[in-house]
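The next block holds one structure in the form of structure tokens; read it before the comments.
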Amino acid sequence: AATQVAGGAIQVACSQASSSAHCSTQPAELDTEVRPGAGGPPDTVRFGTFVKAFGGSSIPDNTWTADMVLTLEWADNRTRHLIPAGQSHVTLGADDARSRMWLPDVVVENRETGCTDTISSVVRIEPQLVRKVDRVRAIVRAAFDVTYYPFDKQVLQVSLGSSSMMSEQVVFRPLDGEGFMGYDAAAFDNSEFAATSFEAYVVEEVQGMLRKSRGKMDISVERWSAKLVQLYFFPELLIVVIGYSTLWYPTLIPFVMPRVATALISFLTLTTLSAKTYAIVPATKNPIWVDNFEGSCESILFFIVVSNLMITVTIHEFQHPDVGRYIELMSRLLVVVLLLLTVIFSGVESVLHDATSDYFGMVPLVIAWAASVVVVIVGLNQLKEKQKEKEGATTGP
């Protein structure tokens, strides 16, 4: 008689003699396309995702690079005949194992197309357990939230799933134990992020006829903002201060050109620096910290340019130095207030990180534009009053 277990793992042939029975057990070829629990409940694949090194991120491309170890573990009693006699386990290369046994075909699902490199892949077979360990370097897709860049917090996710089986065939469970899940203590050294925590979980996604079990790990990270502030945003504040200094230039004719030119050059320089940050941070439909901050700085410089023009025209064109000095004093005070509002509201927005603070940074921007209009209106009204006084003096008794 001959019997064969599911998947064709072991074939038992018995021949009976006159007074005794002799049985021999020999390995049969294993069907590599049939999972261990075929015809029954789904097989459980326990997964571990361990990030050994973080290779940087790209906000415009919404990607990040990881060097990671992927561990998969599942039960398969059919593979015991692959273990040599006298040994407790055997280790095979992934290609060799794939030709001799069933593998769950697990891939990094949120990888960038064509950007996955498997450095090594081995399969360890024990009497009732199979463990597959892959060393993988991959570019992983992400959805970065840049609302509070460079004070942002991000979630770096690795999503695993079977490329060929639905959730009624394979389901995932996180592996327990240190070293299977998480990230190396030095993984984020010399990077723009600091890791704070991680979480492993399983989701079942249903989209029409597609039902997939996915094992995911999220790493929460915070950006080191000090370097970016030093490189991009502190120089922008210095440019605004340089523009503000023009309001303290003498109002004599020799200083007219330096006053106006310095203000205009400061404005153009800030616009050039802003282009660098716009190349890093993609455009979004909602207000973000970078837009609010740089918009406020540009608006302040625009206000300074308008004020300098009004001061110059009032003093040297209309010959009303007292009105020009009044506009100058008012502009000095308004710029200080606007700078303080920009720093305060930008700081509040970077700390709160909630929906109520999204528009805080727009307050200095709006006030700066309103102040530009007010300076022009007040200056024109003062000129009208002086003109009336002058006309009254010439037509008097």
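Glycine residues also receive a Cβ, built from the backbone N, Cα and C atoms like all the rest.
For reference, TrEMBL has these:
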DOMAIN    30-214  domain 'Neurotransmitter-gated ion-channel ligand-binding'
TRANSMEM  231-249  transmembrane segment
TRANSMEM  261-280  transmembrane segment
TRANSMEM  300-318  transmembrane segment
TRANSMEM  330-348  transmembrane segment
TRANSMEM  360-380  transmembrane segment
Long-range Cβ neighbours of the transmembrane segment (231-249) (under 8 Å; 6 or more residues past either end): 150, 255, 258-260, 262-263, 266-267, 269-270, 273-274, 276-277, 293-294, 297, 300-301, 304-305, 307-308, 328, 331-332, 335-336, 339, 343
Take the domain 'Neurotransmitter-gated ion-channel ligand-binding' (30-214) and average the pLDDT across it for me. 93
